[in-house]
Amino acid sequence: MQPIWNKIIKIVPLWIAPNLLTFSGFVMILVNYFLISFYDWDYTASGTSPGLVPTWVWLFSAFTTFCAYALDSIDGKHARRTQSSTPLGELFDHGLDSWATSIFVLSFFSVCSRDNGKTGVSVYTMYIYLSIVLFNFMCSHWEKYNTGVLFLPWGYDISQVVLITAYLLTGAVGVEVWQKPFLFGYYITDALVILLIGFSLFLSFPQTLYNIHRAHLKKTLKNDSLYEVLLPLVSPLLLFILLTVWVVFSPSNILEKQPRLFLWMVGVTFSNVICKVIICQMSSTRPELLHWFLFPLALVVYAAISGLLGWTEEAVLATFTALVTAAHVHYGICVGLQLSEHLNIYIFSLKKRVQE
């Protein structure tokens, strides 16, 4: 994709701040997600009601996905081009990526549709699919925490191209293309899930372990003890254990009733946990053993699976999701402002701050 990005970067005005490119791409992802959610809140529109989502929405999704992909790919180039590379820009980029990763997936689920007895993907498969994607993202930054190098496999580029192609195909042919057997009785969505799991288990994760092992042999590993190496994984793994317990043992089958809300909450909590790891990696500090999100989440999960919440489980999920989303946004704003002041720069401008 580099030839394309090298051409696009030439038309970006030099006065535009790199962070503005990054944020614009993220906003486009959000707009696309909320637009699809408006037409397909419960992931059934493509299955039980084909045509409920207008064709222009799928084409708009392809456009916004490509724009976000392009902006995320050229923001670093533009920063070097304008000599404005900063730790704030790196954190801004990776922090938004940690949230955008889940939003990309949640938007794509509307193309697949949830299981309707004949076609579609079950909400439990959606949860597993999302978890695997987030696991890959976590591994990349866990690797950087230990080696100092962020190695991004081609899976990211492939996934973006697949998303754009899927939206264009849906807009051109209709959602019916996902409801017909593709090869040997398997649907296209089955093939995508198989490819995702295969890529994660046999390419991405082994590559991460190999890179960390190679850094250990070269004595360039940033952490000597096994405890320090594994420490960033504790909170993310506990997070997914708690979420999985809630999914499996929920008396009201909360994932079946509110898949979009629950999966959004998964993405937000993961993003906040990983942002802490990214900051520790950038500042060469030790991450906390237990992220504070885990404590209220554990209480909610216990209350849910024990039956204490009863019929209020959905309302509690909505409240908890709103609170963690607000906390995550607040955290991002605070960190951005603190770094901006510390580095004497503006977040969305190339002008220097005036010292008081």
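Every residue gets a Cβ built from N, Cα and C, even glycine.
All TrEMBL annotations are machine predictions without curation.
The transmembrane segment annotation in TrEMBL covers 12-35 (among others).
Residues or ranges marked as transmembrane segment by TrEMBL: 55-71 (among others).
Here TrEMBL flags 121-139 (among others) as transmembrane segment.
Taken from TrEMBL, the feature transmembrane segment covers 184-205 (among others).
Look at TrEMBL and you will find 226-249 (among others) tagged as transmembrane segment. Residues 124, 127, 131, 138, 141-142, 145-146, 212, 255, 262, 266, 269-270, 273-274, 276-277, 280-281, 286-291, 293-294, 297-298, 300-301, 304-305 of the same chain lie 6+ residues outside the transmembrane segment (226-249) yet bring a C-beta within less than 8 angstroms of a C-beta in it.
Per TrEMBL, transmembrane segment is recorded for 261-280 (among others). Counting residues 6+ beyond its ends, the transmembrane segment (261-280) has Cβ neighbours under 8 Å at 91, 94-95, 98-99, 101-103, 105-106, 109, 126-127, 130-131, 134, 137-138, 141-142, 145, 232, 235-236, 239, 243, 247, 254-255, 286-288, 291, 293, 297, 317-318, 320-321, 324-325, 327-328, 331-332, 335 in the same chain.
According to TrEMBL, the feature transmembrane segment maps to 292-311 (among others).
Annotated transmembrane segment per TrEMBL: 317-339 (among others), in sequence order. Same-chain residues lying 6+ beyond the ends of the transmembrane segment (317-339) with a Cβ under 8 Å from its Cβ atoms: 87-88, 91-92, 95, 99, 254, 258, 261-262, 264-265, 268-269, 271-272, 275, 279, 293, 296-297, 300, 347.
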By Cβ distance under 8 Å, which residues at least 6 away from the ends of the transmembrane segment (55-71) in the same chain are close to it?
4-5, 8, 21-22, 24-26, 28-29, 31-32, 35-36, 39, 100, 104, 107, 111, 160, 163-164, 167-168, 170-171, 174
Out of 12-35, 121-139, 292-311, which stretch has the largest tally of CB pairs under 8 angstroms to the transmembrane segment (184-205)?
121-139
With Cβ-Cβ distances below 8 Å as the criterion, list the same-chain residues six or more beyond the ends of the transmembrane segment (292-311) that contact it, or say none.
235, 238-239, 242-243, 245-246, 249-252, 254, 269, 272-273, 317, 320, 323-324, 327
